[in-house]
C-alpha cells in the first residue's frame, strides 16, 4: 500500500508524507498516512466527510502541525510551520471555504501578502494575471469586489492566486461542491492543462465519478486511515466500471450499498388524499449576495417524500427557511393541511406540525455550550409539561431527555455534556428527535446526511423513510443525487431560485434530473 | 469570558455527574477564583511598595475599616445596596449577550427622577407608597432611556456598545440639566434637588446604620439569578446570548427579547439609583456621579455572571471601596488604588482561565 | 450678547474647538485602526491616561514638550502592548480586558500623581504655537486655526496619511483583511497576530499622544481622570466613521466645538448649564443613527480572536 518503494521514485516526489498522524480531542483525524505527490499528476484524495481529508490539507498548507510522522519536500524532511512557509515551498491551496476577503477587490486579494510598506503593484499584477489567464483560457474581473462574484468565479481567483505565487503543488479541497456540472467539467479541463505544464495537483473530493474522471492516481481515505491507492499504471489499465468497483470496495468494504438501495414502492402516492403541504407561488426577494425564490409551487401528500435536487446555493436554504418562517416571503401561500400558515411565526408553524431540520447543526440548530438535555427542547422552551408556569421542571426535562437519548441512540457521556462536544452524527440524532417529536405533520430535511459518516448517514435515511411511512409528508433537500434517488417518490429540481421541473422517481429519473440540473428540459 | 471551563467528567453513565466530581468542580472553581485574587494582591502590593507604602499595613487598614470595625462594616453593607441592583441589571444584559455599558447614565437618571419625586410624594401619600412610586418612576425612566439603543440593536443591528456609551454621556449631562434647571431646590444656593428628610428614607436595619435597601438588593439579585437559571424566560435570554441564530431558528422573537433585556437591565440600574437616593443620599447634587457602572462590571465578570457569586464580589468591592476611602483619609493612599487592584484581579483571572483552559485541552488531546 | 459675536471671542472659540478636538482625533484615528484590524479596543481611555501622565512627566522633567509627547506615545503603546499580548496573542475577551485596562490606568495614574505632584501641582509653561505665515493674519480664521502647536498640524496631516495607508498600501489591505476575514490573510502568508499587534500598538501610541497633548498643551498639567471620557468618545467616533479617517476629523471637530462652546459660555457668564451644550453632539449623533441607522458596517471579525486552524 505504501509508496515508499525505490529511492528513484522517492526522488520524483515534490511532497511526500511518511506516517503522518494528527489527533484532535477525542479523535484521530489522520492515522499514519503515507502519500507521494508527483509533478504532472492529479492525485485524488477520495473519502467521505470525516475521513480526514481536510486535516491532511491543513498540515500540507501549514495551518496545522502533525503529531507524528514527517513531511518531505523535494526529498528533505521539512516542518511546514505556517501558511507563509507553505507558499514559500511552492504549495498553494484552494480551500473548501473560500479564503478571499469579501470587502476587497479581486486585484487587492491577489496582491494580499506583499511587503507591508509597498503600494500594491497593480500594473505588474495585471500583466502577470493576463499572461496566466490567457494560457489557461479563463477570465477574471480584476476590479470587481469579491462579494459580487459567483462561487465559481471566486474559485478561479483562488486558483489564479496560487499560480501567481509560482506554486508547484496545487491543492484543491472539495472544489466541485459549489460548482454547476458545466463548471465541474471546466475545472477538470483546467486541471489537465495545469498538470501538462508540470504542476502537481492534489484534488480532494468525496465524489467517485469526479475522482475517476479527473485523477491520475487515487488514494482512498477512510476514518483517518489510508485504505488504498490506485497508481497511474493500474489506473490506465482498468476500465471506469472496474475502478469504481474497486474504490467502492475500499471505501465501504463491500461491493455495493445493499441496505441503501431503493426500496420505496414507486407510485405509491395516494393521489386521492388531500396534500399535507401545499405551496403556491412562494416568492422571496433576492439579497445582495443570496438568490431569492421565484414562484415556487408544489404539494406533498401524507406519506410522500418530495426531493429537492440542485447545486448548492440555488435557493435551497431560502426555500427551507421561508417554509419554516425564518425568512420573510414576498408573496405566495403555504397551506398546512388546508390552512394558510404564511403569516404565522416560526413557533406557531412548528406547533401546527411544520418542522424544519436545519443543515447548519452547530450554527443555528443547537446552542453548543448548553447541555444535551436542553438542546432537545430548544424549540419548546416554556411549554408544558417540561415547563409549568414559566418554571423549568428539571426532573421532567432530564427524564424526557433520557428517553430520547435511548430512543434515538444518542452517544453522549451524560445529559449535561455541552452538545458541541458530541460528534456530528450524534448532534444530528438530537435534532431528529427534536423535529420528529409529537405533533409533526410535515418535516423539511435540509441536507440531513451532510458531513455524517456512513453508519449515521444510513441511520438518518432510515429515520426519514420511517417518518414518511408513519404518514408524514417529507420535503428532502439534498445536493446528493444518489440520496434523493434512493429515497424520494418525486424529485423537483431547483435552479436559480425556481423549480425547473419535477419528475417521478422511476427508472429514468436519474437522466431526467441530471438534464434538468444542467439546464436542459427533462 | 467563558462561563464555564471544561468540567464535565467523562463518565459513561447517563445519569448526572457523581457527587465526587461535583465536589472537585466546586473546589476547582474556588481555587480558580481565590488564586488570582491572592496573586493580584501581591502584584498590587508591589505597586504600593514602589510608592513607599507598606502593603501589609495598608491591606490591614482597609480590612479593618471596611470589614472588621463596626462602623466600617455597616458602611460597607450600605454601599452594597445600589451595587447589587447594578450587578443584577448587568447580569441580565451580559447573559443575553448584550453589552450594556450605559450604566452610569441609567443610574443617574433613576437617581434624579426618584430624588425629584420622593419628597413630593411623601407629602401626599403614605411613605411606603411614596417609596414604591419613586422606585417605579426611576425604573420606568431608566428603562425608557434604554429604548433607543434597544430599538437600534433590535431592528437595525446597530452595535449596542457605541450607542449605550453615547447614551451614558447624554444621560449624565441630562441628569445634571434636570438637577440644575427643573428639579432644583429653591431653598438652597447649591444646585441640588429637594432633600428627602432622614426619617422618610428607607428604614435602617435594627439598631445599625445599614440601609434596608441591602435586603432589597439581595432579593433583586437572587430573583434575577433564579429567573435566568430556572425559568423559560431566562433560558430564552440565555439562548439569545449564546447563539442568536439558534434563537431565530427556535422561533424566539429576538427583537422582542432584545428590547426586554435592555428594559429590565436598565430598569434595575435605574432602581439602583433610586435605592441609593431614597435609602441613603436623600437628594442628588449637581455633578454627582459615583461612576459605579464601570466598577461593578468587573465584579459581574469575576462572578461569571452568577448571581450568588456576584453578591460575594459586590461585598468585596464594597469592603475595598469603603476601606479604601478611609485609608485615603488616614494613610494618604488615594482610594483610586482600589481601581488598580480590581483591574489586576480581572486581568490575572482572565489569564488564569486561559491557562486552565489550555491545560485541560492539552490533557485531553 | 455682544460679547458672543466679537471677533476675538469667535476666534478664541474656534481655537478652543481645535484644541479640544485634537485628543479626540488622535484617539479616534487610533481606535479606527484597531477596529479595522478586528480588535475592539475598549482600553483606549486607559492608554490615553497613561499617555497623559507619562507625557506630562516626560515634559516636566526633560523640559521639552517633544520629549513629553514621545514618552506619552510610548506610555500608550506600553499599555497597548499588554492588551495585544492578552487579547491578540492569547485571545482573551477584548471587552473584559479593555475595561480592566481603563480602570487600572485610571487608578494607577491617579495614584502616581498623588504621590508625585499632589503637593506642588506643577504646571508646564504655555506651549509655543507654530504660526503659519500669511494665513495666521486672516481675521478670525487666522488666530483660530493657524496659531496652534505644531502637533496639531501633524495630527491633521495624519488624517491624510491614514487615508493613504488604508487605500493605497499593502498594510492597508492587510489591516482590512485582518478585520474582515483573518483566515484569508493567514493563508496569503501574512501573520494575522502580527498585523493585529501592529494595529493595537499604533492605537496605543496615538491614544498616548492624544493624552499627552491633552495634558501638556491643552491643560499644561496632569490631573487624575484628565481624559474624562475622551477615549470612549474616540471609540464612538471610530465606529461612526466606518473606516474613513476624514470622518473622524469631522466628528472630532464637532465634539471639540461643543466642548469649546461650553468653556466659552462659562467664561461669558451665560446662564445655560454647560451640560446642555455637552449633550448636543451626542444628541446629533443619536438622531442621525435613529434616522439613518442601517446596519452599521463593522468589520466581520471585530472582537473575535483569531486562532489558526480552529475547528
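Cβ from N, Cα, C; glycine included.
Curation does not apply to TrEMBL; its annotations are automatic.
Residues 5, 56, 58-59, 302, 309, 333, 337, 340-341, 344-345, 347-349, 351-353, 356 of the same chain sit 6 or more residues outside the transmembrane segment (B:30-50) yet have a Cβ under 8 Å from a Cβ within it. Annotated transmembrane segment per TrEMBL: B:30-50 (among others), in sequence order.
Here TrEMBL flags B:80-99 (among others) as transmembrane segment.
Here the transmembrane segment (B:129-155) has Cβ contacts under 8 Å with residues 98, 100, 102, 105-107, 109-111, 113-114, 117-118, 121-122, 163-164, 167, 171, 200, 202, 254-256, 258-259, 261-271, 273-275, 278 of the same chain, all six or more residues outside its ends. As annotated by TrEMBL, transmembrane segment applies to B:129-155 (among others).
Here TrEMBL flags B:161-183 (among others) as transmembrane segment.
For B:204-228 (among others), the entry in TrEMBL reads transmembrane segment. For the transmembrane segment (B:204-228), the residues of the chain that approach it from at least six positions outside its boundaries are 71, 74-75, 77-78, 80-85, 87-88, 91-92, 95, 234, 237-238, 268, 271-272, 275-276, 278-280, 306-308, 310-311, judged by C-beta separation under 8 angstroms.
Sequence-remote contacts of a segment are chain residues at least 6 beyond its ends whose Cβ falls under 8 Å from one of its Cβ atoms, and for the transmembrane segment (B:259-280) they are 78, 81-86, 88-90, 92-93, 96, 98, 100, 102-103, 106-115, 118, 131, 134-135, 137-143, 145-147, 149-151, 153-154, 160, 196, 201-202, 211-213, 216-217, 220, 224, 237, 240, 290, 292-293. What TrEMBL records for B:259-280 (among others) is transmembrane segment.
If you look at the transmembrane segment (B:292-317), the same-chain residues 6 or more away from its ends with a CB under 8 A from one of its CBs are 1, 3-4, 33, 76, 80, 82-84, 86-88, 90-91, 94-95, 101-104, 106-107, 168, 218, 221-222, 224-226, 228, 269, 272, 339, 342-343, 345-346, 349. What TrEMBL records for B:292-317 (among others) is transmembrane segment.
TrEMBL lists B:337-355 (among others) with the feature transmembrane segment.
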